[in-house]
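**Student:** Shown below is the structure under consideration.
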Amino acid sequence: MAGAITVLAWGAVEYGEAYKAAGELANVRAAVKWATDYFLKAHVAPSVFYGQVGIGDLDHAYWGRPEDMDMYRPAYKITESKPGSDLAGETAAALAAASILFKDSDSAYSDDCLLHARQLYSFADNFRGKYSDSIPDAANFYYSWGVYDDELAWAALWLYRATGEETFLTQAKAHYSNIYTSGVQEFSWAEKTPGAMVLLAQLTDAPEKQTYLQDLEGFCDRIINEKPRTPKGLVYLSQWGSLRYAANVAFVCLRAADLGIKSETYRTFGKQQIHYMLGSTGRSFVVGFGNNPPQRPHHASSSCKDPPASCTWDDFNSPAPNPHILYGALVGGPGQDDSYADVRSDYIKNEVTCDYNAGFQSAVAALRQLAGCGGSTATTAAPDTTTTPVTTRPPGTTQSPVTTKAPTTPGPQPTTDGGGSSSCDINDMVQQTNEWSGNFQANLVVKIPVNSQSWSITLTFSSTVTQFQVWTADASATPSSTITLTNKSYNGMQTAGNTLTINFIASYSGAKPEVTSITFNGTPLCSTGITAAPDTTTTSTTTTHSPVTTSGPQPTTDGGGSSSCDINDMVQQTNEWSGNFQANLVVKIPVNSQSWSITLTFSSTVTQFQVWVADASATPSSTITLTNKSYNGLQKAGNTLTINFIASYNGAKPEVTSVAFNDDVICLN
């Protein structure tokens with residue numbers, strides 16, 4: 001959000017006349033202030049900033065109105081001991097840019113933004129670290145790649161622009177000198193170097209100004225002349241949010257044109273990219289605008305009917321257009337062949353986000369102001385290119401309900417076969433993942449004993465549960481020491497041998513309630529022999545929400561070889577669309593490991609491979625090696641590691657033919 005607001009404010013600062021001419025200056029200020037008010041509240045002390053609210057997996061398991069969300073949503077902060085230079089620096093930049101935007105219209109608010117911007121920049125600079133290391137849950141959605149010198153330079157430049165204090169400019173130059181500028185391939189929420197190039201070229205004097213102008217020219221030339229294009233001319237930097245990346249570089253290069261760098265060429269490029277989004281090649285990608293615009297954006301609240309009607313995953317799955325038109329929202333965009341389907345479930349092509357719109361809107365403002373000044377408006381054909389697509393950082397995104405994120409390495413699967421409780425360990429079936437005052441969170445892992453059209457699972461606790469929150473089932477009333485879970489409409493059918501995983505949060509007063517027995521459709525699965533305490537409190541109700549689909553069966557290999565495995569158990573496909581498929585790689589860890597690598601061999605070439613909880617080797621290739629992140633290298637034998645990925649291809653679909661863990665083959669097709 002901070003990155004989006006900096007870019008949105010930047011466009012309003014540079015092109016205020018365009019907003020004024022359109023009658024939208026007050027609205028863009030209000031949009032910026034909506035976010036900066038939040039940033040000010042989240043900055044509770046000079047070196048304390050709240051960077052995330054909610055648990056990503058739980059939030060993504062919900063489809064409905066934001067005002068109806070009532071699941072557990074903890075707040076996470078960065079501090080001196082758990083720093084986040086990238087997050088604090090970006091927020092400092094946003095607030096400094098806002099202070100400029102509000103200087104003439106609300107000087108008191110402008111001063112407040114500037115005060116917090118100074119403090120946040122000092123915090124970012126003096127206490128170094130990546131925010132996704134300090135807020136680990138963020139790593140699954142908005143992982144901080146590389147270094148944070150770009151955010152520090154970006155923040156210092158905006159503070160220099162807001163204050164005129166030379167110290168900030170000196171520091172910005174120092175931060176910028178640490179960046180490998182020739183390797184920069186995008187301008188995005190996680191990569192601010194091109195923005196820093198623009199501001200340095202704008203704010204410095206000769207002779208050093210020439211260095212920054214050359215860096216900026218090099219970036220725009222690489223984008224325009226070397227990067228792949230779709231047949232209809234869209235510069236294609238990533239399949240996920242392709243329009244967002246194109247809009248962002250269009251805005252940067254329009255700013256470069258205003259600084260006198262290849263003005264006609266860069267303005268032609270910027271206009272062509274934005275006009276593509278507005279519909280110049282046959283369809284608009286902006287909701288509520290132009291020819292054949294998207295009607296089913298991947299956006300929960302606009303997909304909901306008016307209250308008091310409920311809003312659930314049924315609305316997500318509805319083929320009907322969204323009941324509310326989300327005017328002006330830019331969707332993710334087409335594939336490299338210009339293909340696009342207006343399908344709500346395709347979050348890669350049809351999601352909408354604040355950062356998608358920020359660069360797009362700022363580029364539109366640049367073109368509007370340019371048109372008012374009689375500048376170049378010619379368009380030219382896209383260059384003929386066959387360059388391989390560039391793999392970029394995967395942005396955080398709302399997942400479709402068929403996608404499951406990797407859990408925090410749950411323990412071994414239950415050994416019961418459904419015929420009784422003699423061979424089970426209840427700690428294998430109830431795997432605690434978190435605990436705080438009067439609450440604990442756990443995964444209930446049940447191996448389905450028999451084929452079922454519907455199911456109920458009863459948990460008996462050693463003492464009273466005062467509240468029980470669950471997302472992939474409906475729960476009986478609390479307070480109670482017995483909780484019965486029943487299936488949702490989409491997950492009632494279960495096949496014997498499959499593993500059903502249900503995440504829940506239990507609240508209590510006094511002694512912590514332990515699960516003492518578990519039954520499936522009335523048949524005992526596991527028990528400890530402890531008798532539950534009687535209930536002595538009155539009954540209330542618990543609200544539950546719809547979420548993510550449960551995983552398929554776990555792999556049967558024990559790590560000792562490949563003879564007993566089924567590769568379809570290890571690679572569980574969850575989605576497929578033209579030239580792409582999505583799957584969960586489910587690996588039972590064969591040996592205790594401090595670090596790991598997993599090598600997937602495919603039957604044909606994978607052109608692009610996206611993954612979030614691991615690092616992947618280069619594509620195109622028929623062999624992909626995944627290596628652990630800093631936070632998930634330590635794995636215990638018997639744990640299950642789940643890795644969600646998306647593989648892209650041309651021609652025949654690549655099938656996984658072998659899986660190796662730390663160079664030892666664990667499954668072979």
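Every residue gets a Cβ built from N, Cα and C, even glycine.
As listed in TrEMBL for this protein:
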type: ACT_SITE; residues: Asp342; note: active site
type: ACT_SITE; residues: Glu351; note: active site
type: REGION; residues: 376-427; note: region 'Disordered'
type: COMPBIAS; residues: 377-408; note: compositional bias 'Low complexity'
type: DOMAIN; residues: 413-528; note: domain 'CBM2'
type: REGION; residues: 531-563; note: region 'Disordered'
type: COMPBIAS; residues: 531-551; note: compositional bias 'Low complexity'
type: COMPBIAS; residues: 552-563; note: compositional bias 'Polar residues'
type: DOMAIN; residues: 554-669; note: domain 'CBM2'
**Student:** Hey, which of the active-site residues Asp342, Glu351 is the loneliest by Cβ count within 10 Å?
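**Tutor:** If we count Cβ atoms within 10 Å for the active-site residues Asp342, Glu351, the smallest count is at Asp342.
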**Student:** Where DSSP helix means H, G or I and strand means E or B, what are the helix, strand and coil counts for the domain 'CBM2' (413-528)?
**Tutor:** 4 helix, 64 strand, 48 coil
**Student:** Pop the mean pLDDT for the domain 'CBM2' (554-669) in here, whole number is fine.
**Tutor:** 83
**Student:** Does DSSP give Asp342 (active site) helix, strand or coil?
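**Tutor:** Note: Asp342 (active site) is coil by DSSP, not helix or strand.
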**Student:** If I take the alpha carbons of Asp342 (active site) and Glu351 (active site), what is the distance between them in whole Å?
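**Tutor:** Pair distance, Cα basis, whole Å: 10 Å.
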